[in-house]
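> TrEMBL feature annotations, pasted as is:
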- 28-48: transmembrane segment (TRANSMEM)
- 54-72: transmembrane segment (TRANSMEM)
- 84-105: transmembrane segment (TRANSMEM)
- 173-194: transmembrane segment (TRANSMEM)
- 215-242: transmembrane segment (TRANSMEM)
- 248-271: transmembrane segment (TRANSMEM)
- 278-302: transmembrane segment (TRANSMEM)
- 322-355: transmembrane segment (TRANSMEM)
C-alpha cells in the first residue's frame with residue numbers, strides 16, 4: 001500500500017509503495033547490530049575507565065558503611081536513634097584519624113629532618129671502609145657525594161629530590177585530603193541510607209524471589225560487616241601489642257609505630273610484612289640488638305595472632321579458605337592496587353555465600 005501525506009488543502013501526495021522490511025536474519029542487519037553493540041560497549045568501557053577513581057571511592061565508602069553497620073545496629077537495638085548512632089561512629093572515625101595524624105606525622109617529619117641534617121656525616125663515614133676509601137682516593141666518589149649533599153641541603157635541592165618539589169607535595173596532599181573527605185562524607189550518607197538503599201536493590205528482583213534475595217542480601221551485608229569489623233579488631237590488637245612491646249625494649253615513637261601497624265594490618269597478605277619491616281628499621285636506629293629483638297617479638301606475635309587471636313575473633317564470621325583469600329587478594333591488587341587487595345577478601349566472602357546458597361543447591365537438585 002502506498003504511503004500518503006495529506007496537505008492542508010486536502011491534496012494527497014503519494015510517496016510510493018513502502019519496501020519490504022529488512023529481515024532480522026539478513027547478514028547486513030546482524031553485522032550492523034553487532035557493530036553498534038560493540039561501539040556502545042567500547043564507549044561504556046571508556047567512560048567507566050575515565051571515572052574509575054570515582055567508582056573506587058564509591059566502593060570503598062559502601063564497604064566501610066557495611067563494615068560499620070553492625071556497630072550502628074548494635075546501638076540502635078539498645079534504644080539509641082540511628083542518627084545519634086551514626087554521629088557516634090563518625091566522631092570515633094574523626095578521633096582515630098586525628099590520633100593517627102598527631103602520633104605519626106610529627107615523628108616522620110622529625111626523622112626526615114634528622115636524616116637530611118646527618119646526610120653529609122653519614123656519607124663521610126663511608127671512608128671508614130677500606131675498599132670505599134681506596135676508591136675515594138682514586139676517583140673522589142665519597143668527596144663528591146659529600147660536597148653534593150652539603151650543597152643540596154644549603155639550596156634546598158634535597159627536599160626537591162625527595163618529595164618532587166613543593167608543587168608535587170602540595171598536589172599529593174590536596175588530592176589525598178580530598179579523597180579522604182569524599183570517602184568520609186559518602187560513608188556517612190551510605191550509613192544513614194543503607195537500609196533504604198538495600199530495600200531499593202531488593203525491589204529489582206521479581207516478587208516471587210524477593211524474599212529469598214532479601215535474605216541473601218542481609219546475609220552478605222552481615223558477612224561483610226563482621227569481616228571488616230573483625231579485621232579492625234585484629235589490627236587494633238596488633239597495634240596495642242606493638243606499642244607496649246616497643247615501650248618495653250626502648251624503641252622511639254612506639255605509639256606512632258602502633259598506629260602504623262594498625263593501618264598496615266588492614267592490608268591482606270603483606271600487611272604484617274610492611275609493619276614488621278617498619279618496626280624493625282626504626283628499632284635499628286637504636287642498636288642491632290634492639291632490631292633483632294623487635295623482629296623476633298613481631299614474629300612471635302604473628303604466630304600467636306594466627307593461631308589464637310584470629311580464630312577467637314573470626315569465629316562469628318563464616319570461614320574463608322586460605323587459598324581463596326590469597327587468590328582474591330592477588331587478583332584485587334593486580335586489578336585495583338592496594339584498595340583492590342583490601343576489598344577483595346570481603347567480596348570473595350560474599351561470592352562464597354552466593355555459591356553456597358544459590359549455585360550449589362541448584363547443582364545438587366539437577
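Just so it is clear, glycine is given a Cβ too, placed from its N, Cα and C backbone atoms.
Predicted automatically and left uncurated, TrEMBL annotations should be read as such.
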> Where among 54-72, 215-242, 322-355 do we find the most Cβ pairs under 8 Å to the transmembrane segment (278-302)?
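Stretch with maximum Cβ contacts: 215-242.
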> Run the contact check on the transmembrane segment (322-355) against the transmembrane segment (28-48): 3 or more C-beta pairs under 8 Å, excluding pairs closer than 6 in sequence.
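No, the transmembrane segment (322-355) and the transmembrane segment (28-48) are not in contact.
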